[in-house]
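Asks: Just dropping this structure here.
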Amino acid sequence: MPMTLCMAPIRGITDHIFRTAFAEHFGGFDTAVAPFVSSRKDRKIKSAHLKDLLPEYNTALPVVPQILSNSGEDFVYLADHLYDLGYSVTNWNLGCPYPMVAKKYRGAGLLPHTDRIAEFLDTVMSRMKGGLSVKIRLGWADTTELMGLLPVLHRYPLAELIVHPRTGIQRYEGTVDLAAFERVLENTGLPVMYNGDIQTVADFAYLSGRFKAVDRWMIGRGALADPFLPAAIGGSQPEEKEKVARMRNFHDDLMARYTLRLNGPVHLLDRMKGLWRYFILLFETPDKSAKSIFKSKEIAAYQDHVARFFDTGPRIAKKKPTFF
């Protein structure tokens with residue numbers, strides 16, 4: 001059965017620059033969901049608001065836009081604009097677990113409110129030009145909430161249901177509830193994509209063996225910590241020296257692209273150090289040069305520390321990454 005690998009949306013990381021560079025250096029992904037854009041009550045659409053989704057910036061990897069919203073009318077206004085840009089399907093974010101989002105009844109914070117979700121979908125599915133997919137969790141605090149929502153979701157011809165089998169209050173802590181995911185899978189006829197804790201080829205082999213009906217898989221942090229993972233799932237596994245060299249080239253390419261796009265050295269340094277929180281997990285216990293990367297205060301010092309790190313011949317880690 002043909003499978004689809006999808007890059008997860010990670011806000012502040014997987015923008016169009018990252019997605020393009022990743023596709024060119026590593027491959028492995030068939031598609032991506034972009035980090036969310038929020039709908040606006042004033043219905044104003046600024047060019048900067050949708051810059052990441054401009055078609056000319058997304059030629060290397062097909063992308064699905066994602067909207068964070070609790071207003072059906074506001075969602076339709078923005079989704080129709082995206083449709084006019086060429087996006088036939090838009091994703092609704094019902095999974096964001098962060099309290100600042102959830103307390104406004106958006107993302108996973110909306111999951112306990114079945115009536116509001118039904119009202120939202122009634123509006124959206126009767127008015128929007130394109131198709132709708134939904135990225136969702138098992139619930140906010142209760143893993144049975146999604147099961148209770150399925151009858152509502154089944155009223156509509158959703159393009160896809162992307163399920164992260166955690167609750168909102170878990171955020172990204174603890175373990176995924178595979179038994180709960182299995183119950184969802186057994187009780188829906190909607191196309192389902194699995195999302196959550198695919199960090200190694202062995203993880204994927206286990207999950208794909210357990211959930212044989214699933215042919216769509218989303219990978220997020222696992223691909224940031226090991227950019228070779230998506231291609232490795234497809235059977236490509238380069239030697240260690242090649243991995244280190246390609247990782248260095250990827251870093252340098254990102255650095256060059258962000259230098260042209262970001263607003264000054266402070267913004268650039270913050271972005272690159274943020275990426276290293278994931279990149280460092282690819283390697284064995286880091287030495288002083290790696291730690292110095294995070295302490296860099298200026299771009300020149302940062303570049304020196306990165307060069308020194310790669311020049312020392314770092315080794316690829318053999319164990320699963322431990323996320324912060």
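Note: Cβ is positioned from N, Cα and C throughout, glycine not excepted.
Heads up, here are the entries from TrEMBL:
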type	residues	note
DOMAIN	7-250	domain 'DUS-like FMN-binding'
BINDING	Q66, K135, H164, G220, R221	FMN binding site
ACT_SITE	C96	active site, proton donor
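Explain the structural surroundings of these features, please.
Replies: Residues belonging to the domain 'DUS-like FMN-binding' (7-250) score a mean pLDDT of 96 in the model.
Listed in sequence order, P9, V33, A34, P35, F36, V37, T90, N91, W92, N93, K135 are the same-chain residues at least 6 apart in sequence whose CB falls under 8 Å from the CB of Q66 (FMN binding site).
Neighbour density for C96 (active site, proton donor): within 10 A of its CB lie 22 other CB atoms from the protein chains shown.
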Asks: Find, for the listed binding-site residues H164, R221, the residue with the lowest Cβ contact count at a 10 Å cut-off, counting only other Cβ atoms.
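Replies: Among the binding-site residues H164, R221, the sparsest Cβ neighbourhood within 10 Å belongs to R221.
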Asks: Using a Cβ-Cβ cut-off under 8 angstroms and a sequence gap of six or more, which residues of the chain neighbour G220 (FMN binding site)?
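Replies: Correct list: M7, A8, P9, I10, N195.
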Asks: Can you give me the Cα-Cα distance between H164 (FMN binding site) and C96 (active site, proton donor) in Å, rounded to a whole number?
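Replies: Between the alpha carbons of H164 (FMN binding site) and C96 (active site, proton donor) there are 10 Å.
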Asks: Cα of R221 (FMN binding site) to Cα of C96 (active site, proton donor): how many Å, rounded?
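Replies: R221 (FMN binding site) and C96 (active site, proton donor) have their Cα atoms 15 Å apart.
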Asks: Could you tell me which three-state DSSP class H164 (FMN binding site) falls into?
Replies: strand
